[in-house]
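Going by TrEMBL, these are the annotated features:
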DOMAIN    138-274  domain 'Peptidase S54 rhomboid'
TRANSMEM  65-86  transmembrane segment
TRANSMEM  148-168  transmembrane segment
TRANSMEM  180-198  transmembrane segment
TRANSMEM  204-225  transmembrane segment
TRANSMEM  232-251  transmembrane segment
TRANSMEM  257-275  transmembrane segment
TRANSMEM  305-327  transmembrane segment
Amino acid sequence: MEKEHYPVPPSEIQIRVNSRRGGNNSIIHPVEIDTPTHQVLPAMASSSSAPSPVVYREAKHLKTWWPWLIPAFVIANVVMFIITMYVNNCPKKSVSCIARFLGRFSFQPFKENPLLGPSSITLQKMGALHVQKVVDGHQGWRLITCNWLHGGVFHLLANMLSLLVIGIRLEQEFGFVKVGLLYVISGFGGSLLSALFIQSNISVGASGALFGLLGGMLSEIITNWTIYANKVAAFMTLVVIIAINLAVGILPQVDNFAHIGGFLSGFLLGFVFLIRPQFGWFNQRYAPLGYIPASVKSKFKTYQCALWIISLILLIVGFTIGVVLLLRGVDANEHCSWCHYLSCVPTAKWSCKTEPAYCLSTQIRNQLNLTCSSNGKSSMYILPGATSSQIQGLCTELCR
């Protein structure tokens, strides 16, 4: 459907802008021009019945990006989960696998993994975040790889659906480079904070990166505050969504430190990556040829530049301090006695204590092989006729 255009006074020039949100439709932004006197007089001398011409210029830098990176991230996560299940090969290690008809892709027993997924030992092999391996084994790459692994089908579905809903909109508006960096760096920030506070369990999942996207959306509204309509409503809606998701993180077995770290990283990154030019500069740039503005507009407002500098400094300083503390083996809980409540709040219905580890055991004649589920350590014992209490005692020692 075509839009009708009406004549406007000569002091008003219109600029056609491709809308990010309107698909192929366009938005017309009228721009008031301070026309000099020598330009107005000739116009007054012309016939009053002749309509004044309307000038349009198209601003192509507001194009809508085609989202391909976020779907590629989703595919990569799904592929990694399939590979993890292949490596897991539950039937080889257990007789009580779920969905055994899937063969080596069947799931671990519910008592071991209620999310329909692999064992913790397999996740460690694939690159889950394990603080001891990062610090003592110098495997810092786990801070990145853990974001591409998931604990089970339910975990994977929840994160990937959220990624599609949040990520595609951002990629359409800001492009794959900025959104890709926002996703990856936020995931690293979430892993870093998690490693400083949760050092007894492994951690996997893309939740930190997802919270980074939410944080980026929030800071994008703040830094581009002057160009939004209904900005208060949009801001409050996003704050409520973020608060609800962070509140879910106080449940047991949820790594809320990864959520908080990812959110803070994404919030600061949003001020750096998602900044937009102000309308004054935009309209000035796409004004008609020969037009001399009364005052030259800067591309960004002062507060936008200030937020950009402050956020970049905080990111560099924060990541540097976090990495140094982690590599020194610092347990942040020793310096913050109440911080553990940010990840889990005990109630009458659940406990925040870590569930006891168990061992996978195989015995051939007098040889007993044990593998701890929490840290992946294995050991062999020569123990003829081992009783269950003896095996439990060995397992407790092995899992320390």
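Numbering starts at 1 and runs along the chain as it is shown here.
Placement of Cβ uses the backbone N, Cα and C atoms for every residue, glycine included.
Curation does not apply to TrEMBL; its annotations are automatic.
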With contact taken as 3 or more Cβ pairs under 8 angstroms (pairs 6 or more apart in sequence), are the transmembrane segment (180-198) and the transmembrane segment (257-275) in contact? yes
I'm checking region-level scores; what's the whole-number mean pLDDT for the domain 'Peptidase S54 rhomboid' (138-274)? 93
Residues of the parent chain within Cβ reach of the transmembrane segment (232-251), under 8 Å, 6 or more residues beyond its termini: 211, 214-215, 217-218, 221-222, 259-260, 263, 341-345, 350
